[in-house]
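The transmembrane segment annotation in TrEMBL covers 20-48, 69-87, 99-118, 139-161, 200-224, 236-256, 268-289. TrEMBL lists 39-290 with the feature domain 'G-protein coupled receptors family 1 profile'.
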Amino acid sequence: MNTTPSSIIFLLTGVPGLEVFHIWISIPFCCLYVTALSGNSLILFAIVTQPSLHEPMYYFLSMLSTTDLGLSISTLVTVLGILWFNAREIGFNACLSQMFFIKLFTVMESSVLLAMAFDRFVAISNPLRYATILTDSRIAQIGVAIVIRGTLMLTPMVALLKRLSFCHSHILHHSYCFHPDVMKVSCTDTRINNAVGLNAMISTVGVDSILILLSYVLIIKTVLSIASPEEKKKAFSTCISHIGAVAIFYIPLISLSFVHRFEKQAPAYVHTMIANTYLLIPPVMNPIIYSVKTKQIRRAVIKILRSQNT
């Protein structure tokens, strides 16, 4: 018998085959969530409170930390709920909400990384006009555009799920609501959903990755035209943190897609662990990368930590 979406209760999955070890598996996950939340909160606090960080580069970094906080919070409740309390049930509307915010913050992170690539290109290729091009109002407009873009692209993808009927098993294969998972348990034709979802991701994350790559081609071309080796080294050093952030966002994303499509014989827990860590790696690593590689951020963070201890 078909089931209407409003009455659906989905069952999320923990780590298949390792259920007896959930409480132990929760320890590293809990540490990762604490690191992500505290690290990004500290970066945000440093940027807000330290006047020396009120510059375009750090405003974009604050956007990155905000999206990382949102991405962590979006999955925290269901992941730790399953590992701690075996709380697997989630209603249809709650599932759609979680799915929307996970996708939204993923798309926003991609967009922010693109904006940061543009910031580095302007800073290196046209340093004298940097402050006049990236004004506070223009940065605010970019931030608003990032949110609007993600919302407009993803709302149809999630809204179309409401038209589906569900008559198969209601067991999802992740610790959070994943768009392909929900479509798999539907007994309605999902070709439109697949097309809209694929179009949304290609139009956002796919386009962003190409534009980021193009930005770095132009950055490298500009840097190679600089005569002084010291100036070349200085220019490249300003991009190291951003390159790291791009790598830890796109490599897990590509790895997850590869595993889902080509490693179907891998144990189920491999898929689950990769899917969970893919959403946690950027929020955990970004604050570490920027604190280690960016001297101004490192100084501001140390200053805040010292003031808390006195």
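Cβ coordinates come from backbone N, Cα and C, glycine included.
Using a cut-off of 8 Å between Cβ atoms, the transmembrane segment (69-87) and the transmembrane segment (200-224) share fewer than three residue pairs, counting only pairs 6 or more apart in sequence. Contact counts against the transmembrane segment (20-48), taken as Cβ pairs under 8 Å, peak for 268-289 among the stretches 99-118, 200-224, 236-256, 268-289. Outside the transmembrane segment (99-118) by six or more residues, the chain places 57, 60-61, 63-64, 67-68, 70-71, 74-75, 142, 146-147, 149-151, 153-155, 157-158, 176-179, 182, 200, 204-205, 208-209, 211-212, 215-216, 219, 242, 245-246, 249, 279, 282 with a CB less than 8 A from a CB of the stretch.
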